[in-house]
Amino acid sequence: MTDFTEEELALDPKFADQFERGFRPPCQLYLISPPAIDAAFADSLAAAFDGGKVAAFQLRLKGMDDHAIAQAAEPLQRLCADREVAFIVNDSIALAKRIGADGVHLGQSDGDPREARRILGPAVQIGVTCHDSRHLAMEAGEAGADYVAFGAFYPTTTKETLHRPEPSILGWWTTLFELPCVAIGGITAANAAPLVAAGADFLAVSGAVWNHADGPRAGVAAFSPVLAGKG
Ligand SMILES: Cc1ncc(COP(=O)(O)OP(=O)(O)O)c(N)n1
Ligand SMILES: Cc1nc(C(=O)O)sc1CCOP(=O)(O)O
Ligand SMILES: [Mg+2]
């Protein structure tokens, strides 16, 4: 696999009709926390969950140590359990293990998915950032990831990003692989339709929910039509 170039890995359109896309559940929302939160954040998260179905919540607090994140996680993890939302920890396999998270999201320099599996066991969801790379996504799949994440599809102020995939990478992935794919980066209710149409299994969203003019409940609710394919 490591011998292929990105170009070689691209699905040649002339062969596309030879592949049949299997059934996939409708696209779902994967909510990412703001990079910093305050003591009242649990109320905002509850409001977001009131806005519509959220499949997963990722606690992504940057620049804090694991001990502080573990403390902040407690009420949020409880709320997620009550609302049947998967609770995913960003960056840290050790923290995910310590607090018994439902999953961990690993960037390309956050740790090895095989090591994460060894430490966290078979039931914990492991996600891997793959930027705009088919190659990284196939490597993540081979390493036992539960989902691959492509991004940033649109400009974002939440994180400095270097990669800008085309929506077609989602169609390529879902045509060839059963493993779910996540689209991330600058996604709003207004620009999400091409990602849903291309085959994203999940939309990972932060700013569009937390910075929504009418609050996080409205921020989540705004995605309902586009997730239903009516955007
Ligand atoms: C669902 C999802 N996709 C991508 C990322 C980005 O992870 P990473 O590249 O490690 O960058 P940071 O989020 O750690 O700044 C993610 N967190 N979640
Ligand atoms: C955390 C993150 N990772 C990205 C990637 O491209 O890997 S983009 C991003 C920011 C997501 O937040 P928003 O929805 O506000 O753009
Ligand atoms: Mg990371």
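Each residue, glycine too, has its Cβ placed from N, Cα and C.
TrEMBL does not curate its annotations; it predicts them automatically.
Per TrEMBL, the features are as follows:
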{"type": "BINDING", "residues": "GLN58, LEU59, ARG60, LEU61, LYS62, ASN90, THR129, LYS159", "note": "4-amino-2-methyl-5-(diphosphooxymethyl)pyrimidine binding site"}
{"type": "BINDING", "residues": "ASP91, ASP110", "note": "Mg(2+) binding site"}
{"type": "DOMAIN", "residues": "29-209", "note": "domain 'Thiamine phosphate synthase/TenI'"}
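Features recorded in TrEMBL, as mapped to the structure shown.
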residue	record	Cβ neighbours (10 Å)
GLN58	4-amino-2-methyl-5-(diphosphooxymethyl)pyrimidine binding site	23
LEU59	4-amino-2-methyl-5-(diphosphooxymethyl)pyrimidine binding site	26
ARG60	4-amino-2-methyl-5-(diphosphooxymethyl)pyrimidine binding site	21
LEU61	4-amino-2-methyl-5-(diphosphooxymethyl)pyrimidine binding site	18
LYS62	4-amino-2-methyl-5-(diphosphooxymethyl)pyrimidine binding site	13
ASN90	4-amino-2-methyl-5-(diphosphooxymethyl)pyrimidine binding site	23
ASP91	Mg(2+) binding site	21
ASP110	Mg(2+) binding site	16
THR129	4-amino-2-methyl-5-(diphosphooxymethyl)pyrimidine binding site	21
LYS159	4-amino-2-methyl-5-(diphosphooxymethyl)pyrimidine binding site	16
In Å, how long is the longest CA to CA span across GLN58, LEU59, ARG60, LEU61, LYS62, ASN90, THR129, LYS159, which the record gives as the 4-amino-2-methyl-5-(diphosphooxymethyl)pyrimidine binders?
17
Where does LEU59 (4-amino-2-methyl-5-(diphosphooxymethyl)pyrimidine binding site) sit in DSSP terms: helix, strand, or coil?
strand
Where GLN58 (4-amino-2-methyl-5-(diphosphooxymethyl)pyrimidine binding site) and ASP91 (Mg(2+) binding site) are concerned, what is their Cα separation in Å, rounded?
10
Do you know which of the binding-site residues LEU59, LYS62, ASP110, THR129, LYS159 end up with C-beta under 6 Å from ligand 2?
THR129, LYS159
I'd like to know which of the binding-site residues listed (LEU59, ARG60, LYS62) lie near ligand 3, counting only a CB under 6 Å away.
none
Spatially closest candidate among LEU59, LEU61, LYS62, THR129, the listed binding-site residues, to ASP110 (Mg(2+) binding site) (Cα to Cα):
THR129
